[in-house]
């Protein structure tokens with residue numbers, strides 16, 4: 001008899017390797033479909049949001065950052081093809097990644113950077129890299145492939161933020177909203 005496998009340990013090692021941006025051999029091909037995986041990233045985003053809530057009017061960015069609108073019209077979302085949902089999620093993740101990288105640069109150039117803020121920014125960058133890798137494995141397309149006679153998809157709705165508090169709130173809401181809805185639907189369709 002072999003030694004029983006410990007799924008919790010395997011999942012922890014997988015998270016560690018993914019957070020470092022390394023490919024994970026032997027990892028389940030649809031790891032993002034395990035609700036615990038996405039919940040881990042959502043929890044980290046919520047922690048960052050909660051940490052910065054006390055400083056709602058805290059240090060402002062020297063410029064505004066464009067982020068995705070996190071509001072979801074559930075009727076419109078349900079009528080979208082999963083490929084269209086994927087494009088919206090990719091665009092949103094891309095905007096968030098760009099905004100968080102710019103926030104990281106501002107922190108690096110700050111005269112007194114907050115270690116806690118830096119930790120959450122670093123975790124967000126690592127989390128976005130891992131989520132991107134997981135979505136690629138899921139087969140999500142960055143761009144919708146549509147017939148030549150069809151109308152192009154509507155542009156992603158966006159707005160701007162000027163504080164870490166607002167940035168982390170959007171990050172948390174995006175993961176809990178559009179990303180979770182998309183992965184749930186993509187995983188269901190993949191199981192058929």
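Glycine too: its Cβ is placed from the backbone N, Cα and C atoms.
Annotated in TrEMBL:
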- 1-26: signal peptide (SIGNAL)
- 33-187: disulfide bond (DISULFID)
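Within 10 Å of the C-beta of residue 33 (disulfide bond) there are 19 other C-beta atoms, taking all protein chains into account.
Sequence-distant neighbours of residue 187 (disulfide bond) (same chain, 6+ residues apart, CB-CB distance under 8 A): 30, 32, 33, 138.
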